[in-house]
Every structure is written in structure tokens, then in C-alpha cells.
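What follows is a single structure, written as C-alpha cells, with notes after it.
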Amino acid sequence: MSQTHFGFSTVDESEKATKVRGVFDSVASKYDLMNDLMSAGLHRAWKAYTVQVANLKPGERVLDIAGGTGDLSRAFARKVGESGVVVHTDINEAMLRQGRDRLLDEGLILPTSLADAEKLPFKSESFDLVSVAFGLRNMTHKDLALAEMCRVLKPGGRLLVLEFSRIAEPLRKPYDWYSFNILPKLGSLFAGDAESYKYLAESIRMHPDQATLKAMMKTAGFGHVDVHNLSAGIVALHAGIKC
Ligand SMILES: C[S@@+](CC[C@H](N)C(=O)[O-])C[C@H]1O[C@@H](n2cnc3c(N)ncnc32)[C@H](O)[C@@H]1O
């Protein structure tokens, strides 16, 4: 049995998805509050930047993978308008329900689908844009997921991967201190779950850095990949074109 990482622990590949599901089942109801608290609201700016780079036109077809509580799906839906389509997907039912309920409360009815990024239930060449925000890090076979994202894109289609990345060196120590001391405490206080936020801090350190992810996207079939560092590399937006 092949092994992989779950945060800093080594686990059988077959166990990782179940463990990740446990994390998101546990945090789903407090997910939006925790995002605002942990990032001091910065995740909103990172997502707003992603929507700008997406540069969507009315009528385009978008797939939001690991869409969770639906921040990107909602913003994309406003850009593509009634003639376009945004499919809001996630592997986790609790997260997808939170997102769907939030979108409905805001008057948006989007197609919603329980979908594993590693085995997407969509036809080849059927989307203009695919997004995955803070989701790739949690996937067991990132190479398979990226290849699937490429498969469902039309030729010339764009993939946007918004994810935690490698922070600039002078900021590493304070960022590590914050991640390993404050995040689990915030998780314990506001979500009753320190372990999931310890996993968050560890999984960020195990995720491929900017250059490695760019190379992985090229291998998956994206002929051109731009990397945008945000907040000194706390997060990076990788924008790939299928060509
Ligand atoms: C940190 S949340 C991100 C939610 C949302 N995109 C956002 O930016 O707020 C990560 C999401 O990735 C989802 N996820 C993890 N593994 C996945 C997979 N293999 N396929 C699809 N979604 C997955 C989780 O269920 C979770 O909802």
C-alpha cells in the first residue's frame, strides 16, 4: 500500500480522504467564521483577486472544484450572468450543504454536485474556466486531480488554483509561530476543534511550493502557467492555460 502525508503524519493513501473528510465534517458549520478570524478577512481579498484574474464573460461555463461554502461560485455566477453556468462542487456533503444553503439565501440557484476532483463526473472539454481554492492541498493524488481539471477544460480554457504557498523567508518565523500557536487555539475557542487547525498549519507546510506546483500544472497539460504571489507568498494564485 502506498503512503502519503496527512499534515506531518504518514498514512496509507487509502486513509487520507477519510481523514480529510473528518476535518471538513467537523469544521463545516464554523468554516466561514474561522476563515475571517484566521486570515483577518484577507481571504476575501485573495478571492476577489482570483475573480479579477478569471476575467469571466457573460455566457461562460465555470466549474468550481472543492467549492465548499461557495465564495467563488457566488462571485463567478454574477460575472457569467443568466446565459452562463457555474457548477458548485465539493467531495464533502456537509461543506456542499453549507454552500448551497448560503447561495440559496442570497437568491442564487446553482447546479450543485458532490464530486471528487480526482474523478470528475463531467464530460471532456466542457468548461471555459475551472477553479480550485484552498482545496488542492487536501487531495491525495494532486497529479490526477490536475489532469482531470485539464481534461474537462475546453482548449484555451483556464485553470485557477488559489492555495497556501511558501511565504517569503524573512516572514517565515513569525508566520510559523502564528500558525502553530495561534491557529489551533482559535480553532479550539471558536470551532471546538484544535486538531483540524493543527492539520491546516501542517498541510500548508507539506504542499508543493510555487515552482513545484507550476511544474506539476505543466505536466498535467497546461502549456502556460503564471504564478501570482499574494501577501508575500502566504498564498499563491496559479493561472494555467490549456494549450
Ligand atoms: C479549505 S476548503 C475550501 C473551500 C472553498 N473553496 C473556499 O475557498 O473557501 C477545502 C475543500 O476541499 C474539499 N476537498 C478535499 N478533497 C477534495 C477532493 N478530492 N475533491 C473535491 N473536493 C475536495 C473539502 O471537502 C473542502 O470543502
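Sequential numbering from 1, following the chain as shown.
A Cβ is built for glycine as well, from the same backbone N, Cα and C atoms used for every other residue.
TrEMBL annotations: computationally assigned, not manually curated.
Feature annotation from TrEMBL assigns S-adenosyl-L-methionine binding site to Thr69, Asp90, Asp116, Ala117.
Feature annotations (TrEMBL) mapped to structure.
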residue: Thr69; record: S-adenosyl-L-methionine binding site; Cβ contacts under 8 Å, 6 or more apart: Ala28, Tyr31, Asp32, Met95, Gln98, Gly99, Arg102
residue: Asp90; record: S-adenosyl-L-methionine binding site; Cβ contacts under 8 Å, 6 or more apart: Ile65, Ala66, Gly67, Gly68, Leu96, Gly99, Leu114, Ala115, Gly135
residue: Asp116; record: S-adenosyl-L-methionine binding site; Cβ contacts under 8 Å, 6 or more apart: Ala17, Ile91
residue: Ala117; record: S-adenosyl-L-methionine binding site; Cβ contacts under 8 Å, 6 or more apart: Ile65, Ala66, Ile91, Val132, Gly135, Leu136, Met139, Ala145, Glu148, Met149
